[in-house]
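Enquirer: Structure provided below as structure tokens; questions to follow.
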Amino acid sequence: MDEEATKHHEERRNTLLVLLNCSLLAVGAVGGQLLSRMYFLHGGHKRWLSAFTVTAGFPILILPMAVSYKRRRFLITTRLAAASGLLGLLLGFNSYLYSFGTAYLPVSVASLVGSSQLAFTAAFAFLIVKQRFNHYTVNAVVLMTLGSAVLGFHMDGDIPKGESKGKYALGFFMTIAASATHALFMTLLQYTQGKARVPVDYDVVLQVQLVISMVATLFCAVPMIINGDFQNLAREAAEFGLGEKKYYMIVVLAAIGLQVMIIGSLGLVLCSSSLVAGIVTSLLVPVRQVSAVIFLREGFNAEKGMALALCLWGFASHLYGRFKAGLEKQDTDDRNPQQFEQGNGNNLA
């Protein structure tokens with residue numbers, strides 16, 4: 001009876017962590033990416049700075065990690081730390097690829113990355129971590145991929161004024177490449193955690209996130225030093241369209257927002273799976289559409305409305321599939337307690 005109560009407690013705690021990370025991912029993805037786009041819209045042009053801000057907010061992790069370490073003196077293994085460092089290099093490169101989309105594409109078009117990222121995540125999850133799908137998850141992937149892809153039908157009308165078609169095309173294809181890289185990153189993170197055989201809890205999530213973010217930030221800082229970007233920040237701030245104070249405000253708030261997004265994304269992978277993180281990211285595609293219309297005055301058309309409906313439909317399908325699978329698993333556990341103990345929890349996306 002005590003074991004059953006403990007398992008239910010762990011499941012409840014994991015559910016709360018998943019919900020918390022979903023909230024962080026949503027707030028950070030929408031707010032951070034809007035601020036990053038504002039940087040380029042009003043005169044910013046440093047792509048490495050844009051990539052740098054994705055993880056430069058990692059110091060906000062130090063305080064909760066210090067409190068956690070004081071409560072329970074636990075450190076991740078050297079092997080897991082080294083693997084996290086390599087993943088940090090991949091995330092830094094991925095952030096640079098994303099900066100092209102932020103610089104050259106409207107948010108409404110850049111959010112197309114949601115469609116390709118979900119497809120890439122599903123493929124990598126199947127190939128690397130042997131993720132098995134039920135038909136509800138497959139339905140969700142198809143619907144949300146189609147919903148995001150619909151946004152590409154009228155891309156020609158979204159080319160910003162004064163921007164060449166060449167830069168627009170470069171931004172689009174680099175964004176697709178970034179979506180594939182990020183999908184690989186999330187799947188490798190899930191694979192690394194599984195191989196490390198370390199129970200996922202608050203301490204592990206914080207420490208892995210800190211190592212990944214620190215390495216990614218250093219990866220982006222090196223070319224900034226070589227290019228003299230740090231020395232030229234004052235001049236760019238003085239020439240910024242919204243004024244010098246708002247320049248620094250946008251850069252700092254973007255760094256905080258994007259770090260919150262990374263915290264939510266990594267936490268979701270560690271507490272659930274890379275595919276779930278991909279599905280939640282895709283659900284945010286239409287949310288970013290609406291936010292771009294409200295705050296950046298980007299256009300909204302029937303295709304974007306259709307994408308919103310398809311993405312919500314797909315997300316509902318995935319939630320229903322998880323709910324139904326949970327009921328079936330509980331029924332099986334009640335009839336065969338031994339199978340409950342042997343389950344590994346990785347059968348469903």
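One-based numbering along the chain as shown.
Every residue gets a Cβ built from N, Cα and C, even glycine.
Note that the coordinates shown come from a computational prediction; the quantities given were computed from them, not determined experimentally.
Below, the features straight out of TrEMBL:
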type     : residues : note
COMPBIAS : 337-349  : compositional bias 'Polar residues'
REGION   : 330-349  : region 'Disordered'
TRANSMEM : 16-36    : transmembrane segment
TRANSMEM : 48-68    : transmembrane segment
TRANSMEM : 80-98    : transmembrane segment
TRANSMEM : 104-129  : transmembrane segment
TRANSMEM : 136-155  : transmembrane segment
TRANSMEM : 167-192  : transmembrane segment
TRANSMEM : 204-226  : transmembrane segment
TRANSMEM : 246-268  : transmembrane segment
TRANSMEM : 275-296  : transmembrane segment
TRANSMEM : 302-320  : transmembrane segment
Enquirer: Quick check for me: are there 3+ Cβ pairs below 8 Å between the transmembrane segment (246-268) and the transmembrane segment (104-129), leaving out pairs under 6 residues apart?
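Expert: They do not touch: fewer than three Cβ pairs between the two stretches lie under 8 Å.
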Enquirer: Would you kindly list the residues that approach the transmembrane segment (275-296) from elsewhere in its chain, counting only those six or more residues past its ends and only Cβ-Cβ distances under 8 Å?
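Expert: Tertiary neighbours of the transmembrane segment (275-296) are 18, 22, 25-26, 29-30, 33-34, 37-38, 41, 106-108, 111-112, 114-115, 117-118, 121-122, 125, 131, 137, 140-141, 144-145, 147-148, 151, 183, 186, 265, 268-269, 304, 307-308, 311-312, 314-315, 318, 349.
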